[in-house]
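Colleague: Under the heading transmembrane segment, TrEMBL lists B:7-26, B:62-84, B:90-112, B:124-142, B:175-196, B:208-230, B:250-275. Here TrEMBL flags B:306-552 as domain 'ABC transporter'.
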Amino acid sequence: MLLQQLANGVFAGSIYALFAIGFTLVFGVLRHLNLAHPAVFTAGAFVGIEVAARTAIPVWILFPVVALFGALAGVLVERIAFRPLRGRDDEHFAGLISSVALGGVVIALLQARYGTEPQSFSADYFPNQLFEFAGVRVTLTQLVTLGLALVLMLGLAWLVSATSLGRSMRAVAENPTAAKVLGVNVGRVTAGTYALSSALGTVAGALLALNLGQAGRDLGASIELVGFAVIILGGLGSLWGAMAAGVVLGIAEALTIHLFDSTWKSMVAFALLFAVLVLRPRGLFGQVKVREV
Amino acid sequence: MLAGYDTLITTIALFAILAYSFHVVLMAGQLSLGQAGFASLAAYVSTLVVPTEPIAGSLSPVLVGLPVGALVGAAAAFVVGLPVLRLRGVFLAIATIAFGEMVRVVINNAEWTNGALGVRVEKWVTFDFAWIIVAVLAYLFWRLGPSRSGRAFAAVREDELAAGAMGVDVVRTRMASFVASGAIAGVYGVMFAYFFGRITPATFDFALTVDGLITAVLGGYLVFFGPVLGAGFLTLVPEIQKALGLEAGWIHPLVTGTLLLAVVLFLPGGLSTLFSRLRRAPARPGPDYAPLDSLDPLPDPGTPIASVTGLAKSYGAVDAVRGVDLEIRSGEVLGVIGPNGAGKTTLVNMISGLEPPTAGEGQILGVPLGSRPHRFAQAGVSRTFQHSKLFERLTVLDNVLVGTHVVSRSTYLRRLLWLPSARRDERRALALAWAQLERVGLADRAGLRPGALSYGDRRRLEIARALAAHPTLLILDEPAAGMNHVEAAELATLIRGLADDGVTVLFIEHNVKMVLEACTRLVVLDFGEVIAEGEPREVASDPRVIEAYLGTEAEAPEESEHV
C-alpha cells in the first residue's frame, strides 16, 4: 500500500517536474516568471486531445505535434507579453501582470473553441494496460509518462550543457549585455528559451490529460501553485533542482495522503514552500552565490 | 432608481476595497499576495466572535466586525511579515501566496470553521454603507500621497537603497505597507461576509488574489483613486457585454485579459494616469519662506565628526578593504582616489551604512558602524551613488523632497485632520527642496521625470537630493563621472561653496584635476589599503601614488578615463 502510494507519488512528481522545468528555465535564463505558462500547459492538453480525436495518430507522433504547437505558443508569449516591456523601469513587475493577462486570454480562447465542458481522450486511444511489480500496480500511461518525462528532462539538460544554443542560453543567463557584445543573438536565444519552455509545458499538459483521461480549463490553474512550490524548492532557475523537487513533492503529497487524508495534500507543498523561502530562499538544491551585484 | 443595481454597485465597492489592500503594498513596491489569507482569517474570526444580533440595540454586527476584522488582518500580516519581509520580488509573492493557501487548507479542515460548508451570517452591508467605507479608504490614500510618509512609500518602491540612504527606514516602511494591506484585506473579508451572507474557504482562494491584483494594477497604483477606477471598469465589462447582447461566456475573460494586457503594455501607470496627466507644473513657493533659518547649525570647523579604525570588508576570499583608519573633521573636503577596484566605493558604503564592515570599529556622527543606513542619514550623513539611483517615477522636485525626509516631521496624521501645522511643514519641505534645486541649477526642470534629464543633470539632481537632507557629511561617489570639463569645473565650484557653508564633503573621483582643485585633504587607496594621505599636492607627487594610481608617467593625466 505504501509502496503503491510512493509509486503514484513518483508519477505525479514527474509531471510536476516537467511542468516546473519550463517555468524555471525561463526564469533561469531571462529572469522572467512567465505566468502564462499554466495556460499554455492547459492549451497543450486540449490541443493534444483534439489532434488525437481528429487524426488518430499514434501517441509517439502526437507528442511531437503538441511540442511543436507549444514551441510556437512560447514564441508568441514572449513577443506579446515580454518583449514590449524590455528596458522599462518596471519590466519585471509588468511582465508578471502581462503574462497573467495573456494567460487569461489563452484560457478564454480555449473556452471559445472547446466550450466549458472538459474534453476527453477517446477511451480506446491509448491501451490502458496494467502491470504489476512487487505488488505495485502501474498503468502503461504512467510508464509512458515517466519515461517521456525522463527523456525530455535529460534531453534538456544535455541541450543546455552541450549544444551551442545551450551555451548561448547560459551566457545570456550570466550577463545578457556581455553576451550581446560577444555576438550572441539575444533575441534568438530568448525566443528559443520560450519555445523550449512552452514545448515542455504543453507536453506536460497533454501527458497529465492522458493520465486523467480528460482536461478542463482549470488544468493549469490546478498545477500552477504546485509548480511554484517545485521551482522554489529546487532553487529558482535550477533545472536539476526542479526535477528533484518535483519528484520529492510528488512523494511528499502521496505520503500525506497515506498518513492523513487527501484534504491535507496541498498543505505539504505550501508548508514546504513557506519553510524553504523563510529558512533557505535559494532552495533545497540551489547553490549560494558569492555575490550577485 | 438604483434598486435594480444594488448588488452591482456594492460589488464595485467591495472590489475597490480588495484592490486597496493591493494598492497599499504596490505603492511601496512590494508584490505581496497574501491578502486572501488575511481576508479569510478576518472574516472567519469576526463572524464567529461578534454576536449575530445588534449590540446595545442599534450597533449592527458589521460595525463591530469591521474593527475586529481589521485588527485580525493587521495582526496576521505583522506575524507573517516578520519572517517573510526579508524576501523580495517573486520570492515575496510566492511566499505570501503559500501563506494564503495554507490558511485556506487549514480553514477547510478545521472544526470551528464548519469546514467546506462555511459560515452563514445575516446580510448587514448595504450599498451606501459599502461606499462609505470606500470613501474613507480613498480619503486616507488621497491624504497619504503628498505627505512625508507617502513619499517614503514611493521612495522605497523606486529604489530601496537610495531610500535608506535618504533616511527612510526601509524595514519599517515595508512592514507598515504590509500591515495596512492586512488590515484592509480584513475589512474586505468582513464586508464580504456581511454582504453575501455566507463565507466558505473557497471564497478566499488564489483566484481572488489574482482578481484583486488585476483590479489594483488596471486602475493604477500611482494615483489614490486607481482601485475605484479599476473595480468599476472590471465590474462593468460583463454588464456592458450583456447590454450589447453578447452572451457567450468566453467574451468576458477575453475582454478583461486583453484590456489588462493593453494597459500594462501601453499605459504603465494604469487607467488612473489618464486622469492625472493634467497636473500643473510645480510652482516655486513664495519668498516669505526662509527655510534655512530653521535648520540645526552644522558643527564648528575642525570638530572631529567621524573616526574609524581597522575598517575591513571582504567578500568571500576577496578583501575589498583592509585595515583602513580614517578620521574626518568638520569643514574639510576629503578626496578619495585610487585605481579601479581599490575599495573606494566599499569604503563609503560602510561609512554610510549600506554595507556592514567585516572588521573594524568606529562611529560616524555618533552612529556606530554596521547600523542600518537610515540611522546614518538621520545623524547627518547624505550621499550620492556612483551609478545614479534616482527615483525614476517621481518628478525632479519629488526626488529632492524625499531628500528632506530627515529634516522634516511626519505630516500624514495631521494632514488627515487638515491641521495648519502640517501644511506649514509641507511648505517648509517644499521651500527646502526648491532651494537645493536652485543651488544646483535645476529649478526650471522641477516638473520633469529624471529620465528626461541629461547625464550631467542627473548627477546634479542626486547632489540636490543629498543636500536637501541638510547633511553634516556629504559623500559624493564619482560625481563628475560623465561630465564634460565645463560641468566638472562648475561642480568643483559648487563643492567649494558647500565647504564654505560648513558642509563636510567626502568625495571619490577619478578626475584628478578636479580633486586637486576641490579638496583640502587627499586619501589614496590601493588594494583596499591607504597608501598615502595628506595635503593634495604633496600626496599627488608621492612616487608610490604615481606608480599605483597615475601610472609610471609623472604627468597627471588631464582627464582620467572613467570605466
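Glycine too: its Cβ is placed from the backbone N, Cα and C atoms.
Walk me through where these features lie, including what they touch and how far apart they are.
Modeller: Sequence-distant contacts of the transmembrane segment (B:7-26), counting only residues of its own chain at least 6 positions beyond either end whose CB sits under 8 Å from a CB of the stretch, comprise 32, 35, 38-39, 125-127, 130-131, 133-134, 137, 141, 157, 177-178, 180-182, 184-185, 187-188, 191-192, 195, 208, 211-213, 215-217, 219, 221, 226-228, 230-232, 234-236, 239.
Through the fold, the transmembrane segment (B:62-84) approaches residues 34, 37-39, 41-43, 45-47, 49-50, 55, 92, 95-96, 99, 124-125, 129, 133, 174-175, 178-187, 189-191, 193-194 of its own chain, all at least 6 residues removed from its boundaries and within a Cβ separation under 8 Å.
Within its own chain, the transmembrane segment (B:175-196) is flanked in space by residues 10, 14, 17-18, 20-22, 24-25, 27-28, 30, 32, 34-36, 38-44, 46-47, 61-62, 65-66, 68-78, 80-81, 85, 119, 121-125, 130, 133, 137, 149, 153, 203-204, which lie at least six positions past its ends and keep a Cβ under 8 Å from the stretch.
Within the chain carrying the transmembrane segment (B:208-230), a Cβ under 8 angstroms from the stretch's Cβ atoms is held by residues 12, 15-23, 26-27, 33, 35-36, 39, 97, 100, 134, 137-138, 141-142, 144-145, 256, 259-260, 263-264, 269-273, 275-276, 393, all 6 or more beyond its ends.
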Colleague: Just to confirm my parser: what is the rounded mean pLDDT across the domain 'ABC transporter' (B:306-552)?
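Modeller: Mean pLDDT for the domain 'ABC transporter' (B:306-552): 90.
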Colleague: Would you kindly list the residues that approach the transmembrane segment (B:250-275) from elsewhere in its chain, counting only those six or more residues past its ends and only Cβ-Cβ distances under 8 Å?
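Modeller: Here the qualifying positions are 214, 217-223, 225-226, 229-230, 233-234, 237-238, 241.
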Colleague: Sequence-remote contacts (6 or more beyond its ends) of the transmembrane segment (B:124-142), Cβ cut-off under 8 Å?
Modeller: 2, 6, 9-10, 13-14, 16-17, 20, 23-24, 60-62, 66, 184, 187, 191, 194-195, 224-225, 227-228, 416
